[in-house]
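> Right, I'll just put the structure down here and ask away after.
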Amino acid sequence: MGRIKNKQFAVIGLGRFGGSICKELHRMGHEVLAVDINEEKVNAYASYATHAVIANATEENELLSLGIRNFEYVIVAIGANIQASTLTTLLLKELDIPNIWVKAQNYYHHKVLEKIGADRIIHPEKDMGVKIAQSLSDENVLNYIDLSDEYSIVELLATRKLDSKSIIDLNVRAKYGCTILAIKHHGDICLSPAPEDIIREQDCLVIMGHKKDIKRFENEGM
């Protein structure tokens, strides 16, 4: 099983949310550029980033000097300053950054970010609340991502019932209309697993599908 290849991320805004993203991406072995206007915050996260830089992300020249165009993903995690967050996002769009993820402060901020073309808008408290509730209600659910009101991606813990079965044995797509995107086994990740790949108890299955179909697979297939 092959590992996920390393990517390049820039995290702008090193508050509690941005700092935690920076730490986790760095822990996973990705290249991370950590950016904040506050020197104290930059120093605090310098050991959790490939590069940590003091910069004003609302200034285009400063973004360019960071080599921001070299990054596939930029996460705008600026705190309560909605104006700075919005302007930074707008500049990143103008610089053709392919994937811009932005933390929204409220509903109105969300609507503005939609208008200017943010690729993914994050509400940390709301998103985390959904994940925690899902985990509390089902012990087999390790993680949960809403794609829409109807579809989601879920990480499920393989039960003893699935041990030693292959993907083709489960036939999840035909029986339940779901797709197994990946299998995690002892830190290794197999993306787009082959029909003959074997599942072991305690493996993590990353499954995408309609929420009702995923729940049906949990209830009947696991």
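Counting begins at 1 with the first residue displayed.
Using the three backbone atoms N, Cα and C, a Cβ is placed for every residue, glycine included.
Annotated domain 'RCK N-terminal' per Swiss-Prot: 6-122, in sequence order. The NAD(+) binding site feature in Swiss-Prot is assigned to Arg16, Asp36, Ile37, Asn38, Asn56, Ala57, Ile78, Gly79, Ala80, Lys103, Ala104, Gln105, His109, Glu125; the stated evidence is experimental evidence. Per Swiss-Prot, the feature domain 'RCK C-terminal' maps to 139-222; the stated evidence is sequence analysis.
Give me the structural setting of these features: burial, nearby parts and distances.
Within 10 Å of the C-beta atom of Ile37 (NAD(+) binding site) sit 19 other C-beta atoms, taking all shown protein chains into account.
Across the domain 'RCK C-terminal' (139-222), mean pLDDT in this model comes to 86.
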> Taking the Cβ of each of the binding-site residues and counting other Cβ atoms inside 10 Å, which one has the highest number: Ile78, Ala80, Ala104?
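For the binding-site residues Ile78, Ala80, Ala104, the Cβ with the most other Cβ atoms within 10 Å is Ile78.
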> So for Asn56 (NAD(+) binding site), how many other CB atoms are inside 10 Å of its CB?
13
